[in-house]
Amino acid sequence: MSVYGLQRLYIGGGYVDATSGKTFDTFDPATGELLAQVQQASAADVDRAVASAREGQREWAAMTAMQRSRILRRAVDLLRERNDELAAIETRDTGKPIGETLAVDIVTGADVIEYYAGLATAIEGLQVPLRAESFVYTRREPLGVCAGIGAWNYPIQIACWKTAPALAAGNAMVFKPSEVTPLTALKLAEIYTEAGVPAGVFNVVQGDGSVGALLTGHPDIAKVSFTGGVETGKKVMSLAGASSLKEVTMELGGKSPLIVFEDADLDRAADIAVTANFFSSGQVCTNGTRVFVHRSVKDAFTQRVLERVKRIRVGKPTDADTNFGPLVSAAQLDKVLGFIDSGKAEGAKLLAGGTRLTDGHFGSGQYVAPTVFGDCRDDMKIVREEIFGPVMSILDFESEDEVIARANDTHYGLAAGVVTENLSRAHRTIHRLEAGICWINTWGESPAEMPVGGYKQSGVGRENGITTLEHYTRIKSVQVELGRYNPVF
């Protein structure tokens, strides 16, 4: 018997049964308890969802921007009213501490919808005079039906981030959440319907990567917004281009550097480093896992980090006092433990953690201790590859030029941070770092107003911020001739 029962698809403003006859299970990573059986979408189901979205999009786009804005604002109110209920589901599905999901996941998702609801009426074209009796004007028109493919680490937040600009601009979206954490996207669909979003404008199809491929290759999808790993992102981009030259937005992986200079407030730097590595049990794409510390302060900094790691409260995610929960799945646990073994084998010095936690109630969950490695080298696997778990690598450096070159020596470019009391050096360093999201003397906040996305193989395009709205529209140029037409022939 599962906690939440059978989960169906959400198409055309309500729940429908999948035609595949297949289901998959989702489990509580803290206890191993079966949370739900989820119906897997078939190709026919994806076609049905896209057809429903096309129909709903025409009605949605025909509304005024002010009407769409009001409906989205109602959805925001409903999200906030149901914050505690949604946070409880998210905690069971992801293993995140309840204090985290209550304060972050739904709150930040609602903030982004509210932000774009406010911008819906600000979508404008241009008027360009050519001569006395002729001018050009432009219209920003919706793309049509977009596909959203979510990651497992921030299920409802990612669904909000992807739907908000799409819907504000007059598009519809067919969304596929990760099969690892599939529950809260369905609740968002319920909320949009209750708020007044027309049937079909937001549909949810469940399943593994094969369902994502069906969406990415569908001829009636105009744009794909994907969050996930680099290798999968490359496949998405290839299929999107080969099928119908779809537009793409992709937020992919990272191996982000955090640079601590010799003049840094070391207590502040240690607080930042611990947050940048262990928030959400290290399952955050922007994690600052390569911690470069000036050699003169490395020992003092490391001592402060280890003191803070000892204060991390690992426990049941449903306990209010817990601030560090399990990894999302057994597969992710195995992956992280493999990286830890690699760090030990390659000569990194294990300073904290490094083991699976199995005592008591930990034994039934996917828990790994917060892990810190010292004496790391740039060529180590734990330094070069994305782990997506609670593993910090500390490296030392001597000069500014050296650390910038080493920080940039990666095919990732998602995030970077600098801790220093010298603001001139802070800005100078940040401007030379090849990363799309940067922080000075802080880490991790991504407000609705801030465009987020990566350089290099960490992504294409941006989410959030004003400019993202433009990428959910296409420009139509119109010339108007008021005077006499001068024929060529």
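Positions of Cβ are set from backbone N, Cα and C atoms, glycine also.
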Item to complete: Given that Swiss-Prot annotates Gly150, Ala151, Trp152, Lys176, Pro177, Ser178, Glu179, Gly229, Val230, Glu231, Thr232, Cys285, Glu386 as NAD(+)-binding, name the residue from Gly200, Gly253, Gly365 that shares the site.
Response: Gly253
Worksheet item: Which of Asp93, Asp105, Asp111, Asp263 does Swiss-Prot put in the same K(+) 1 site as Thr26, Val180?
Response: Asp93
Item to complete: Whole number in angstrom, please: the longest C-alpha to C-alpha distance across Gly150, Ala151, Trp152, Lys176, Pro177, Ser178, Glu179, Gly229, Val230, Glu231, Thr232, Gly253, Cys285, Glu386 for NAD(+).
Response: 24
Worksheet, complete the sentence: One of the recorded positions Thr26, Asp93, Cys285, Gly459, Glu463 has its Cα closest to the Cα of Glu179 (NAD(+) binding site), namely Thr26
Worksheet item: Under DSSP, is Gly459 (K(+) 2 binding site) helix, strand or coil?
Response: strand
Fill in: Neighbour-count leader, CB within 10 A, recorded positions: Lys162, Lys456
Lys162
Item to complete: Compare the C-alpha of Glu251 (active site, proton acceptor) with the C-alpha of each of the binding-site residues Asp93, Val230, Thr232, and give the closest one.
Response: Val230
Item to complete: Work through the recorded positions one by one (Asp93, Pro177, Val230, Cys285) and name whichever has its CA nearest to the CA of Gly459 (K(+) 2 binding site).
Response: Val230
Worksheet item: Just checking: which of Thr26, Gly150, Cys285, Glu463 have a Cα that is within 10 Å of the Cα of Lys162 (active site, charge relay system), counting only these recorded positions?
Response: Gly150, Glu463
